[in-house]
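Chemist: Just passing along the structure, written as structure tokens.
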Amino acid sequence: MTKVLPLIEKIPQTILGFLESSPSCWSSSLSKTTQAHAHLLKSGAQNDGYISAKLIASYSNYSCFDDANLILQSIPDPNVYSFSSLIYALTKAKLYSQSLGVFSRMFSRGLIPDTHVLPNLFKVCAELSAFRAGRQIHCVSCALGLDGDGFVQGSLFHMYMRCGKMGDARKVFDRMRERDVVTCSALLCGYARKGCLEEVVRVLSEMESEGIEPNVVSWNGILSGFNRSGYHKEAVEMFQKMHHLGFLPDEVAVSSVLPSVGDSERLDLGRQVHGYVVKQGLLKDKCVISAMIDMYGKSGRVYGIIKLFEEFEVMETGVCNACITGLSRNGLVDKALEMFELFKEQKMELNVVSWTSTIAGCAQNGKDIEALELFREMQVAGVKPNRVTIPSMLPACGNIAALVHGRSAHAFAVRIHLLDDVHVGSALIDMYAKCGRINMSQVVFDMMPTKNLVCWNSLMSGYSMHGKAKEVMSIFESLVRTRLKPDFISFTSLLSACSQVGLTDEGWRYFGMMTDEYGIKPRLEHYSCMVSLLGRAGKLQEAYDMIQEMPLEPDSCVWGALLNSCRLQNNVELAEIAAEKLFGLEPENPGNYVLLSNIYAAKGMWEEVDSIRNKMEGLGMKKNPGCSWIQVKNKVYTLLAGDKSHPQIDQITEKMDEISKEMRKSGHLPNLDFALQDVEEQEQEQILWGHSEKLAVVFGLLNTPEGTPLQVIKNLRICGDCHSVIKFISGYAGREIFVRDTNRFHHFKDGVCSCGDFW
């Protein structure tokens with residue numbers, strides 16, 4: 001102190017008064033700080049630790065951290081206070097990494113942190129989720145005997161909570177001398193987020209024994225924690241406990257638990273909550289109304305959605321979004337679209353959630369063209385799509401092979417830097433695969449910086465759809481070498497790929513591996529793949545025996561796989577057994593009747609064919625017409641089987657005649673086995689040429705430049721004659737032709753199909 005006094009005497013009293021004043025006074029002028037700094041430099045007093053600390057704090061108050069840091073570096077012998085001033089200021093300015101860096105320099109000089117510095121450091125570690133650094137500083141505080149300080153314990157507790165280390169947080173909590181409702185509520189919320197119901201109950205019991213009464217914030221934290229982490233059953237249970245103990249839930253509690261009520265399918269409880277909401281006068285709260293609508297939507301009660309919406313007096317965006325989502329979830333996409341248009345007419349402020357919900361509803365309910373149109377309108381309206389919008393609309397592109405729209409969405413995702421999102425990447429992989437561009441799916445996958453299991457499964461599913469079994473198996477082996485564990489979807493793609501190309505031995509190996517090595521019990525989709533695999537390999541009896549021995553009740557997919565295999569093998573006996581099962585499981589599906597009728601027709605059993613058709617008429621059923629889609633010049637066109645009203649039907653017929661003549665010259669004759677009608681041979685040929693996929697391909701030839709690839713989607717399986725004709729066209733016209741039917745992709749090029757004529 002004696003060395004400092006001569007220096008202080010040289011400093012003007014105004015400067016000393018300024019440095020001694022509170023930080024709130026310093027904000028009057030930065031120039032005063034620089035003036036003080038200049039005087040200190042002249043007097044040589046800057047090297048004094050106390051005075052320099054004040055100067056550092058003053059510069060930091062103006063966010064002049066570089067100047068503050070230069071002063072700190074210039075002090076030959078800085079003290080803890082010098083460093084703590086800058087640490088505090090950087091933490092307050094949310095420059096957490098820099099704050100931690102200053103502490104590191106301080107510690108390397110052998111300076112020991114005190115009870116004022118430690119809480120700041122634990123706050124920094126909490127904000128950065130820097131668990132390892134926080135634990136090291138905790139060890140330092142223990143070694144210094146400072147871990148018993150109340151402020152240190154409180155900040156340390158919250159640091160462990162923010163890092164998700166509940167075990168460590170609990171140990172600190174147990175050592176606290178004074179625990180209040182705030183600390184207890186934080187612990188309850190943390191356990192709820194982890195789904196630890198028993199721990200939540202235990203803490204509540206401890207609070208009761210210590211005379212700490214949980215408040216509404218405590219309960220809301222519990223409910224919100226369980227709900228947001230997907231522990232719906234636990235959220236519902238705690239809500240009931242809360243009510244039983246006499247706590248009256250407020251609007252936050254109600255809106256927190258209602259989504260869990262819906263996910264738990266507890267409509268009875270939902271109605272009770274609805275009654276409570278009415279009684280307490282909470283129906284005016286927009287969050288409560290939105291949560292109520294969401295609950296009724298998840299429970300499949302559309303009437304409840306509409307009634308609540310009509311009762312809500314104010315048109316509010318969040319409530320409207322909940323309505324659209326609820327209606328779409330229950331298949332009422334037309335009603336959702338109608339409501340969305342009403343909101344637009346009333347000039348409501350529709351946000352990205354409003355547009356995304358409507359687009360997703362359309363894509364999920366077969367309104368793919370409407371989804372793409374809405375995506376275009378959204379951008380025109382100036383609403384910027386986000387990382388949820390893109391994956392919501394991409395399935396629509398894949399469903400109708402709208403490759404141009406899909407590529408535009410891809411480019412948009414690149415522009416707004418969304419390609420690092422695994423959901424966007426997975427949706428792009430799936431879209432390109434469904435549009436016949438599996439090579440692009442691979443490119444997207446390879447460029448993704450992070451890949452989760454969904455990405456791997458999307459790629460495997462894409463290659464499986466294209467019948468590339470070797471590639472699917474190779475991807476699976478690569479997946480196994482990662483830290484990710486294959487799931488039931490991974491094995492579905494594997495078994496489906498084996499089925500596509502008849503790899504019976506490999507199929508059996510993967511079917512066994514699923515249970516033996518990964519503990520995954522086979523699901524109905526796995527049995528369906530195995531039945532298809534065996535049936536297509538001609539082992540129909542073995543496939544039927546597998547169905548008989550299944551531990552699960554066979555569904556329509558399993559019996560459908562057997563019936564389709566019977567069609568391939570012309571086995572009437574087992575076809576009749578499978579069809580009867582399907583008639584019971586899907587009484588309103590005409591496809592099963594048509595498939596059995598086709599099996600009879602292929603055998604020339606015309607009386608049985610007439611019997612099936614009469615039965616369909618008696619039940620009021622009609623055969624689903626063959627339908628194909630093709631995109632030409634950014635527009636998707638629909639062509640129906642046998643449609644003679646098409647504007648270009650004359651040109652299409654003329655082109656077909658040309659192709660037919662060229663085929664006959666080459667020795668290709670129509671396969672009349674696929675006409676499936678008891679009529680004259682010439683009429684059978686005309687029926688075959690009227691199949692929708694042929695019409696779509698020829699329409700594409702007429703309306704696209706030479707050499708342009710054609711992309712066709714069909715709502716039924718491609719028939720053998722169409723397959724032969726399109727193979728010929730691909731060589732004759734020099735076109736790549738992609739045809740996606742209900743089962744797989746066919747890539748025709750130079751007169752050859754990627755399926756190897758095995759489908």
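Positions of Cβ are set from backbone N, Cα and C atoms, glycine also.
Among the features that TrEMBL reports, domain 'DYW' is placed at 667-759. The repeat 'PPR' annotation in TrEMBL covers 79-113, 149-179, 180-214, 215-249, 316-350, 351-385, 452-486, 487-522.
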Chemist: What residues in the same chain, six or more past the boundaries of the repeat 'PPR' (215-249), come closer than 8 Å to it by Cβ-Cβ distance?
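Modeler: Tertiary neighbours of the repeat 'PPR' (215-249) are 181, 184-186, 188-195, 197, 200, 256-257, 259-261, 263-264, 266, 269, 276, 280.
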Chemist: What else in the chain is close to the repeat 'PPR' (452-486), if you only count residues 6 or more beyond its ends and a Cβ gap under 8 Å?
Modeler: 422-423, 425-427, 429-430, 432-434, 436, 438, 441-442, 445, 492-494, 496-498, 500-501, 503, 506, 518, 740, 744-745, 747, 754-756, 759
Chemist: Looking only at the repeat 'PPR' (180-214), what are its DSSP counts of helix, strand and coil residues?
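Modeler: Tallied per class, the repeat 'PPR' (180-214) gives 26 helix, 0 strand, 9 coil.
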Chemist: Take the repeat 'PPR' (180-214) and average the pLDDT across it for me.
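Modeler: In the predicted model, the repeat 'PPR' (180-214) has a mean pLDDT of 90.
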